[in-house]
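Chemist: Below you will find the structure I want to go over with you.
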Amino acid sequence: MSNDTFYLKREKRFLVLLGIICLSLIGGALYMQIALGEAPCPLCILQRYALLFIAIFAFIGAAMNGRRGVTVFEALVTLSALCGIAAAGRHAWILAHPSDSCGIDILQPIVDGLPLATLFPTGFQVSGFCTTPYPPVLGLSLAQWALTAFVLTAILVPACIIRNRRKPY
């Protein structure tokens, strides 16, 4: 096996793992919504979209042949993670400053107008407020956990690209 094949396979395995983790996080959010009754706010839904796009781009990238195709989808994964950072960062800031709201009246119609809100309303339709504090998980709010996941993705995926492109082929 050549070095090119080895590093490309390792990168593809990483993308598949990332996609599975993102889908698991969406599943966890749905569990908390349905089983625990924690209603999602507009920023929660935007974070779900970011996770979904990361998973989709990661799976497509893992299925691509050749370095260039994989790199394009890794760039899309990184872009989706940056969008997730914006949504989760704003949500974490709102939770830290409850006097400010995410503006459910402003964001709700926009988020509810997105295609998945009509196709899968249970998972992608707004039903809560961004200022609602839910019990922390291991000391962090859900928004802080999401922010951590998005930041790690935005750092690790480009690091993987850079590391594997420096290898001699």
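Keep in mind that glycine also has a Cβ here, set from the backbone N, Cα and C atoms.
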Chemist: Cys44 pairs with which of Cys22, Cys41 in a disulfide, per Swiss-Prot?
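Modeler: Recorded partner, per Swiss-Prot: Cys41.
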Chemist: Consult Swiss-Prot and decide if Leu8 and Phe129 are found on one and the same side of the membrane.
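Modeler: According to Swiss-Prot, which assigns topological domains, Leu8 and Phe129 fall on opposite sides of the membrane.
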Chemist: Whole-number answer please: how many Å between the C-alpha atoms of Cys41 (disulfide bond) and Cys130 (disulfide bond)?
Modeler: 5
Chemist: Using a 10 Å radius around its CB, how many other CB atoms surround Cys44 (disulfide bond)?
Modeler: 27
Chemist: Can you tell me how the residues of the topological domain 'Periplasmic' (90-144) break down into helix, strand and coil by DSSP?
Modeler: 28 helix, 2 strand, 25 coil
Chemist: When secondary structure is assigned with DSSP, how many helix, strand and coil residues does the topological domain 'Periplasmic' (32-49) contain?
Modeler: 11 helix, 0 strand, 7 coil
Chemist: What is the interatomic distance between the Cα atoms of Cys130 (disulfide bond) and Cys44 (disulfide bond), given in whole Å?
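Modeler: Rounded to a whole number, the Cα-Cα distance is 8 Å.
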